[in-house]
Amino acid sequence: MTLPTRYVHAVTRAVPEDRRADVAAELGGSIADMVDDRVDQGQSRAAAERAVLTELGDPARLAATYTDRTLHLIGPTYYLVWWRLMLTLLAWVPATVGVVVAVIAGADASADAGDVISAFFGAFFQVGFQIAFWVTLGFALLDRFGGPDGLPGWTVDDLPEVPADSDVSLTDAVAAVVFPLLVVGALAWQQFLSPIGGDERIAVIDPDLWSSWLPLVVVLLLAESALMVAVYRNRRWTMGFAGINAVVAGAFAAVVVWLTTREELFNPAFVGELDWLGENLDLVSNVVVLVTVATMLADVATGYWRAFRSRSA
């Protein structure tokens, strides 16, 4: 069986049966004419057949042109809308759900550090996968079966303004980099140079946490500083940076809230040294939780607001 015959068969088997004879006749004639042209130019028939079929390409792709069948998951009509929606949702939804799930897991008295961390990342990746799957499926169905005709098209009014040299001032960047480093320094200071307890140097934070949670806290603080360096070098916030900021800030808040609600944050010796703290520990804990959550939400919201402003500029 010749190569052209095999090629025509490969194309027509992907075509509706009632059209196969017509497609086979049309395609076979076209191939024969193209081969004859090459033979007239001095090529051997075998070489001409191989060259023509190579030029025509994959039979499945050619068959799609006869049936108007699309060979893409999401076409150009919806691709940009899909891409922007995916970036927007993945930038904040998985991190937000992860923080909420981690805080709920940490409220369980039997939970340990591993349970909280696994709860966060489990929710983060599961929500991210669900968003990617269902949004992509929805747009693929829209592309196949049609959707609303009212999708806004692009106009010249959508052109962004030429951005300024940088959306991040040096002062803001330095402050955002230095503050987490100061917190790391304060953690070390309260452990080794605390003025409480005289010569005994009673630490404010439970020293046992250095073997479990505090190293993670230090890593998160350093990550916050590194993120701000990256933002400054990039000269503006992006949705990606805002998403990373949300993950870091949420993880930090989850650790602090979890330790505080379980009364494991403060050093018992420190609480015993200050009578007023022991008498009002619940109130102090509630204030710490409130301030931590409010600060985290403000930090995350600010990051996304700056990213949105930079993208719109």
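A Cβ is built for glycine as well, from the same backbone N, Cα and C atoms used for every other residue.
Summarising the annotation, TrEMBL assigns transmembrane segment to 81-105, 117-142, 173-192, 212-232, 239-259, 283-305.
When Cβ-Cβ distances below 8 Å are used as the criterion, the transmembrane segment (81-105) is approached by residues 74, 111, 115-117, 119-125, 127-128, 131-132, 135-136, 139, 151, 239-240, 242-243, 246-247, 250-251, 253-254, 257-258, 296, 300, 304, 307 of the same chain, each at least six residues removed from its ends. For the transmembrane segment (117-142), the partner stretch with the highest count of Cβ pairs under 8 angstroms, out of 173-192, 239-259, 283-305, is 239-259.
Note on the transmembrane segment (173-192): residues 201, 203-205, 207, 210, 214, 217-218, 221-222, 224-225, 228-229, 231-232 of its chain, located 6 or more positions outside it, place their CB under 8 angstroms from a CB of the stretch. If one looks beyond the transmembrane segment (239-259) by at least 6 residues along the same chain, the residues whose Cβ comes under 8 Å of a Cβ in the stretch are 87-88, 90-92, 95-96, 98-99, 102-103, 106-107, 111, 116, 120, 124, 209, 213, 216-217, 220-221, 223-224, 227, 230-231, 265, 288-289, 292-293, 295-296, 299-300, 303-304, 306-308, 311.
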